[in-house]
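As annotated by TrEMBL, domain 'Major facilitator superfamily (MFS) profile' applies to 19-493. The transmembrane segment feature in TrEMBL is assigned to 32-50, 97-121, 127-146, 158-180, 186-204, 241-258, 292-309, 336-358, 370-391, 403-428, 435-455, 467-488 (among others).
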Amino acid sequence: MSDTALKPHQKELFGQPIGLYILFLTEMWERFSYYGMRAILVLYMTASTLGDDVRGVGLGWTSKEALALYGWYTMLVYIIAIPGGMIADKLIGQKKAVLYGAIILCLGHGVLVLTDIWAFYTGLGLVILGVGLLKPNISTMVGGLYQQGDIRRDKGFSIFYIGINLGSLLATLIVGVVVAKYGWHAGFGLAGVVMVLGLINYIGGQKYLAQVGNHAEVTNAEDEVSYGKLYGKLIKSPKQLLITGILVVASFVGWYFMDWGYGLLFLFLTAIAALLMMIYRELESQVFKDRFIVLLLSFIMVIIFWGAFEQAGGLMNIYTDTKTDRMLLGWQVPTIMFQSLNAGFIIIFATLVAGLWAKRKLKGNEASSLFKMAMGIIIMGFGFLFMVFAVMEFEKSGSSSMLWLVLAYLFHTIGELCLSPVALSFITKLAPAKYASLMMGVYFASSGLGNKVAGILGESASDFGEFAIFAGIFVFTVIIGGLFILILKPLKRLTHGAEDNEHVIEAEEIEIAEN
Ligand code: GLN
């Protein structure tokens, strides 16, 4: 087949469907706006209401108030991916969900340009909704670009992941400078402008996405996604109802002893747990049921991974600022620059790591997603060993070398590359097609919960000290990763060969490469 005979959505570039690059760019701009806004959020909330000449007035909150809102915001943005995925599965398909998400994000960032407090809350709310619609669904669309068994899928997700981090790297480098020169609201505005670019790119690239993310026409009532029906059936299933009842009671206990925010969160998670139980019951075959269980088990790794990894923005950031010798050839490296290491390392190593796994797989060696994810946790865990060495050096000499941090972030990044893009790809292989976006939403919600765990862990360093936290995370993550490797065989059996026959999808690809 000659290249010109191909429809736009069949065309390839560097051995990958062109649609991948459209999604890559859309997600790159979306992540630029997300991370750019996130980078200045706490600073804006804590900046004085008297303002300064350049940046303008802040909200004048205490850092405790600001961090509390920040913690909820960064969690909610991912938790809301569950309804975002549900809407796509049930109503509009992923392609439209991404479109609406992008439009809402443009509005949200636009509103944040205004200085009133109502605009601040409205803007944040819109950003949460927009990310919730866009983030899980764009990831599921990447999976939709590949046929089952196409070995390029994992690599495709790694390339997509580079887009994510390119956006985040550019944002951390540029937004701070814009705020310092033109003020807070110019920073928010820049995030908005960039999101408009993402939207234009997405709309412009539609012809390359013709086959993915469409809401399936359902002819058979049985095939229709009906959350109402599933909840209806819950009432008739005594075992599931009992579990749900226990969770509801636990939510109210949480409400009473913690606060209403946690209570609501637990209630929401209970509703989702009940839904997942009912979906499990309704799945037609044992193969789908087993795969569903494996996915849910793999989400335990996801929560633990992000719970440890996300120390980067909190405890490790403070450690860099206060206990690290940052002098390099007479210049003091700014603390904030260490936050760019992760994204930089991803851009350098993403295709390398994916390529290594693909080679291993073609040689017939163990390279299942579950194995990669478990290795990811272990490798990331070893990063914390360097932090332990850093604390030991600090205790001996009053400061510690930057090298420990660079090594820690390097290991964290390699671990992230083994887990995060792999998990996204794994979900698109295992999730039942009609709940594909919901499961992607549950993945992001798990990472959101991980973020919250990270915050709680980081705070507890003031009671237990950094050594205990870093050493504890190292030991715990290595043990958990090891445990998953120990049960790898039975877990893989439950996937029923979902990844066994991955191969190079030959004919077309070779022809296109030759033309
Ligand atoms: N850094 C990645 C992103 O922004 C991971 C997010 C996550 O899974 N929590 O997409």
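Even glycines carry a Cβ here, placed using N, Cα and C.
Unlike curated records, TrEMBL annotations are generated automatically.
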Feature contact check the transmembrane segment (32-50) with the transmembrane segment (467-488), CB under 8 Å, 3 or more pairs: no
For the transmembrane segment (158-180): best-contacting stretch of 32-50, 97-121, 370-391, 403-428, by Cβ pairs under 8 Å: 32-50
Cβ contacts the transmembrane segment (435-455)/the transmembrane segment (370-391), at least three under 8 Å, sequence gap 6 or more: no
Average pLDDT across the domain 'Major facilitator superfamily (MFS) profile' (19-493), rounded to a whole number: 89
Annotated stretches the transmembrane segment (292-309) and the transmembrane segment (403-428) touching (3 or more Cβ pairs under 8 Å): yes
Recorded stretch, among 32-50, 336-358, 370-391, 403-428, maximising Cβ pairs under 8 Å relative to the transmembrane segment (127-146): 403-428
Stretch among 32-50, 336-358, 403-428 sharing the most Cβ pairs under 8 Å with the transmembrane segment (370-391): 403-428
Distant-in-sequence neighbours of the transmembrane segment (403-428), which means Cβ under 8 A and at least six residues beyond its ends: 139-140, 142-144, 153-154, 156-158, 160-161, 295, 298, 301-302, 305, 309, 312, 316, 319-320, 324, 338, 341-342, 345-346, 349-350, 353-354, 369-370, 372-373, 375-384, 386-387, 389-390, 393, 436, 439-440, 443
